[in-house]
Amino acid sequence: MPGKIRPLIAGNWKMNGLKASLGELAAIGKGAGEVWRRVDLLICPPATLIFPAAAAMIGSKVAIGGQDCHAEASGANTGDISAEMLADAGATYVIVGHSERRTDHGETDAVVRAKAEAAWRAGLVAIVCVGETRAERDAGRAAEVVGRQLDGSVPDGARAANLVVAYEPVWAIGTGLTPTSQDIEEIHAVIRQNLTGRFKAEGEGVRLLYGGSLKPANAAEILALANVNGGLIGGASLKAADFLAIAEACP
């Protein structure tokens, strides 16, 4: 069994942030000193800010990541960005399979899997997102759906050092709604069982994040749950004070 898994608090800025927003990032970097002793911190800004964000965070305790990548390293893919480009700009992580990508862009598990493989090819850590819809949860299919997404989206060869899995129930993202603590624990147990079944000891050490209306008010309760090794934060990551408060709540 692995020792205590070091938590990761990751901020997904989504399609938010101009150059002026780097001030919030600087505030996160300034406030990260003590928190970093026990928690890893990551901000995933829009692609336009990755290079200046990474440059600004040199020497700090805050990593920078991308929000998506193309499966190919280069080519005629207008508007897309490759994992190699993200790495070249200073990113060390990339989110793949976020529900907004799956829903708005029709990304399948196979597409997400290819993107995770691309992340590894470029030396990035892949944050693979999974989660059920409200209808799927109401039908009692949440565990089944998440298990299927894991099987299809996480490539073979996953290791604790190159994979993070984020559970984000689709119905909780940006709605203010949150599953019960029992619901979160049950799905995180399903994820852990899936990963250890496939990857043995490596699967035991993969960090499992919870995302979906995670905020300072509920962070301590959620982050203390079994198999919850951090959070993927949306709106609350846009303000340094909120992001750092969530990080401080890690046990």
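Placed from the backbone N, Cα and C atoms, the Cβ positions cover glycine too.
Per Swiss-Prot, substrate is bound by ASN12, TRP13, LYS14, SER213, GLY234, GLY235; the candidate from GLY31, GLY33, GLY174, GLY197 named for the same site is GLY174.
Ranking the binding-site residues GLY174, GLY234, GLY235 by the number of CB atoms within 10 A of their own CB puts GLY234 at the top. Once the Cα atoms of ASN12, TRP13, LYS14, GLY174, SER213, GLY234, GLY235, the listed binders of substrate, are compared pairwise, the greatest separation found is 14 Å. Taking every protein chain shown into account, LYS14, HIS98 are the recorded positions, and of these the Cβ with the most other Cβ atoms within 10 Å belongs to HIS98. Each of the binding-site residues ASN12, SER213 was scored by the other Cβ atoms within 10 Å of its Cβ; the lowest score goes to SER213. GLU168 (active site, proton acceptor) counts 25 other C-beta atoms within 10 Å of its own C-beta, drawing on all protein chains shown.
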